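A.B. asks: For reference, the structure I am asking about is given below.
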Amino acid sequence: MNSSSGKTYMSTSNCSTGRKAGDAAAAAADQFPVGLRVLVVDDDPTCLMILEKMLRTCLYEVTKCNRAETALSMLRENKSGFDVVISDVHMPDMDGFKLLEHIGLEMDLPVIMMSADDGKHVVMKGVTHGACDYLIKPVRIEALKNIWQHVVRKRKNEWKDFEQSGSVEEGDRQLKQSEEADYSSSANEGNWKSSKRRKDDEDETDERDDTSSLKKPRVVWSVELHQQFVAAVNQLGIDKAVPKKILELMNVPGLTRENVASHLQKYRLYLRRLSGVSQHPSNLNNSFMSPQEATFGPLSSLNGLDLQTLAATGQLPAQSLVTLQAAGLGQSTGKSGIPMPLVDQRNIFSFENPKIRFREGQQHVNNNKQMNLLHGIPTTMEPKQLAGLHHGAQSMGNLNMQVASHGSQSSQNNPLLMQMAQPQVRGQMLNDTSLGHAPRLLAPMGQPILSNGVAANVSTRNGIQENIRAPSYNPVSQTSSMLNFPMNHASELPRNSFPLGSTPGISSLTPKVAFQEDVNSDIKGSVGFLPSYDIFNDLNQHKPQNWELQNVGMTFDTSQHSNSLQGNLNHAHSVLVQQGFSSGQVNGQNRSATVVSKAMFSSGDSTGHVNAQNGNQHLNSLLVDSTVRVKSETPTNLYPDDFGQEDLMSALLKQQDAMAPAEHEFDFDGYSLDNIPV
Amino acid sequence: MERNPLRRQLQLMRKSLFDQGYLDEQFVQLEELQDDTNPNFVEEVVTLYYRDSARLVLNIEQALERKPYNFHKLDAYMHQFKGSSSSIGAKKVKAESTLFREYCKSGNGEGCMRCFQQLKKEYATLRKKLEAYFQVARQAGPMETACRPK
């Protein structure tokens, strides 16, 4: 038995079959997966030796490595030198999942995890981190024989996603094809991808990009580069983020559209995972996070933002928000834009959890996004970073942390948002301090939360990051001075890792958060902040009525956070929304859906509104998408069960109307959900 | 039945290792990987295993000397050890490793200690048996693939 097992592809000598370009490639094509280039990483020398032998027997080209760092540098040096990576989970120098993330982000290679640990939790972790497969040790050769399917599948999916993103250009597609051809080199050439795709496309592709069919060196996505990427994506709007435009925005010499395209894929996956991770079981994220999700994200973010703004500004008509949310939600998958922090156990705002729950998936996304957005923190994308973002917001810290910590960023975000909201309420309070504090400003905690949630939603939600960011981001940048700041201090969510990479955008976001605080104070007019912000303001102003509702639904924990948030919500809404929730916002946003709505409602606080409005306007333009989304999301999410969001929304809307929206224009009405690219 | 007495002996030894539960299916996987390009593959892997795992055993031993026990650390060491042992098909050793981890998880220091003593015995016994087995294998010369244990 042993003799024949590995010799399926017998044909040529072992390994290195398809290595040589040219005839090897041609030959390899027929023999695929012979010659598949595998990188094996495991600190156990016994396992490594066995795996290498097994893989060689399968006629794969094997490179073994006993340290994750070494593997990573090997991959970076030669991005297109490998087709698939197999890595152990427990390694001394780096956690296998961390390596998995790095590889996914930087090189976009299929990664297979292995471990002697077959616990469901660990396997789930592998799934959520994006591993294409999970092997239980001891590994049998039969399991290794089929790993080539992951290579094929990934390429296929990338291509498909690429197309689905809607913005895929003809050329891109072609590029992808040729790209894939490059990657697979020997292995894929003759394979699946080829023929039909390549056709004459290659020619076009060649012209189009430099990539053409030549092997392009893999791009190393450094932190800065990624941040630029995220910023560009946010700026464009996740759903509108076409590789070509992103490339243009980034303006990085030597970067090709293909690079951007594949990175975008991974990024979306990452976002999805973020939203999904936090939620875990119920994570809708995973499901909805599909590529299409990207749009979704924005929605969520919008919701978060919108809600907040709405809340803050009070302008945002409840309806708008609701619609937005609904739109956002509906679009996303019904997940509701408001990433209900399912997991938020930590969230202070209990309401968030329940409510947001259903949006969970989204929320997480949002949260993450928001967090990121808000923080403007670089795209490290690592969940941890997001967490870091949250940290920023002190009070929000809890929330944020929550968000960050568990992956369910949504939850965290909300807290953050909430916190943010609070500061806002005070107007300047956003500072973290305020956040954590009892709702000073807004009585209804819900409000702040809303903003948070909204913010969170906004940010996390979809690709919204951009959206959210936009709001916050834009305002900040635009109105900038005002916005950016105050919030920053307040909750500045850890601008960390926020993979959103929003750095550019995000940074603005963060300021936004601060902005929120300031928003109230500063924004006054400068803020172009997120439209949602305005909404919140409005809401805040109107708070009276809604708050109650909201509070109910929001089940805010009376904890300070919630309170502060609430208060902040009013103010925070605007800020939160914008800031991306650096602290609470992020969380808030995610959760925001609910929060936002709440915030909106509760926004009764006037503090936020003023600014929000200003910000809104500004934001409106920016946020339009995001806010809209947010709104739609939040409404639904926020009070999924408790409050009939509709009720809240209507309340909100009423308020808004009453409020004399003037400034805000953010009316969602204006932004019909249609606008929201979902 | 093998005519060559050495080979016959080898077959019997091998069968007994499986029958007595010292080795499991994974060992067969290793045997199947052995071919002309690597005629002593199995022996090389086992040698590498014993060399590398000795370090882990020492770590665990030292960790068990420090009270109170750091169960988390012990569990981590044992997890590694278990992974290695299972990859060569060391069935009894693997079973003891699993048991040890259970004790760690439940914080049973006494159980850990007892289990570890038993584990070391199994570990040493297997080593002796395999060394003897490989010695005969080398003497017997290349032989056809081992048959799967029943």
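Going from the start of the chain as shown, residues are counted 1 onward.
Every residue, even glycine, has its Cβ placed from backbone N, Cα and C.
Per TrEMBL, the features are:
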- A:37-152: domain 'Response regulatory' (DOMAIN)
- A:ASP88: 4-aspartylphosphate (MOD_RES)
- A:162-213: region 'Disordered' (REGION)
- A:170-179: compositional bias 'Basic and acidic residues' (COMPBIAS)
- A:183-193: compositional bias 'Polar residues' (COMPBIAS)
- A:215-272: domain 'HTH myb-type' (DOMAIN)
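Describe each of these features in terms of where it is and what it packs against.
C.D. replies: Each residue in the domain 'Response regulatory' (A:37-152) has a pLDDT score, and their mean in this model is 91.
Mapped onto three states, the DSSP output places A:ASP88 (4-aspartylphosphate) in strand. Spatially close to A:ASP88 (4-aspartylphosphate) yet at least six residues away along the chain are A:VAL41, A:ASP42, A:ASP43, A:ASP44, A:CYS47, A:GLY96, A:MET113, A:MET114, A:SER115, judged by Cβ distances under 8 angstroms.
Residues of the domain 'HTH myb-type' (A:215-272) grouped by DSSP class, helix first, strand second and coil last, total 38 helix, 0 strand, 20 coil.
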A.B. asks: Write out how many residues of the domain 'Response regulatory' (A:37-152) are helix, how many strand and how many coil, based on DSSP.
C.D. replies: 57 helix, 24 strand, 35 coil
